[in-house]
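The next block holds one structure in the form of structure tokens; read it before the comments.
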Amino acid sequence: MVSALREAPLIRVHSSPVSSPSVSGSRRPVSCLSSQSSALSQSGGGSTSAAGIEARSRALRRRWCPAGIILLALISLLSCLLPASEAKVYGRCELARVLHDFGLDGYRGYSLADWVCLAYFTSGFNTAAVDHEADGSTNNGIFQINSRRWCRNLTPNVPNVCQMYCS
């Protein structure tokens with residue numbers, strides 16, 4: 001059993017060992033990081049005592065597992081994509097098509113080019129754009145509608161003419 005421990009790399013992920021069957025059918029601890037135990041045992045060095053094995057185990061628990069790093073990176077990437085799915089940044093022609101479909105071409109005397117120009121210079125065609133004013137109100141969305149009068153933004157006692165939330 002001691003010789004099997006010398007030859008097999010003893011590695012733990014977090015603090016629980018993961019076992020896999022070896023060639024002889026017994027189970028041995030395995031992980032994604034290898035220790036130097038096989039190199040030490042071949043050169044005659046290394047400790048086979050329980051204290052030596054425990055010291056090596058503690059040292060290995062402090063290291064990051066590459067699989068763990070990959071999982072962390074994947075979770076981070078996915079969490080970055082979630083909020084982005086709620087907002088949209090339009091292209092110039094795409095926004096012009098949408099505004100035309102909603103009948104804004106010629107609305108109140110303003111051409112489609114005027115609406116597209118307004119959207120570009122106020123929000124950069126970004127539907128999630130929010131600008132905070134000095135008085136505590138916010139300008140929201142692609143046309144930067146102000147929360148002081150037109151929509152409700154968690155501030156009590158505002159007119160809320162459109163009867164809707166700014167978000």
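Residue numbering: from 1, along the chain as shown.
Backbone N, Cα and C define each Cβ position, glycine as well.
Residues or ranges marked as disulfide bond in Swiss-Prot: CYS151-CYS166. In sequence order, ASN140, ILE145, ASN160, CYS162, MET164, TYR165, CYS166 make up the list of same-chain residues 6 or more apart from CYS151 (disulfide bond) whose Cβ falls under 8 Å from its Cβ.
Residues annotated as domain 'C-type lysozyme' in Swiss-Prot, with sequence analysis given as evidence: 88-167.
The topological domain 'Cytoplasmic' feature in Swiss-Prot is assigned to 1-63.
Positions annotated as topological domain 'Extracellular' by Swiss-Prot: 85-167.
As annotated by Swiss-Prot, transmembrane segment applies to 64-84.
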Average pLDDT across the topological domain 'Cytoplasmic' (1-63)?
50
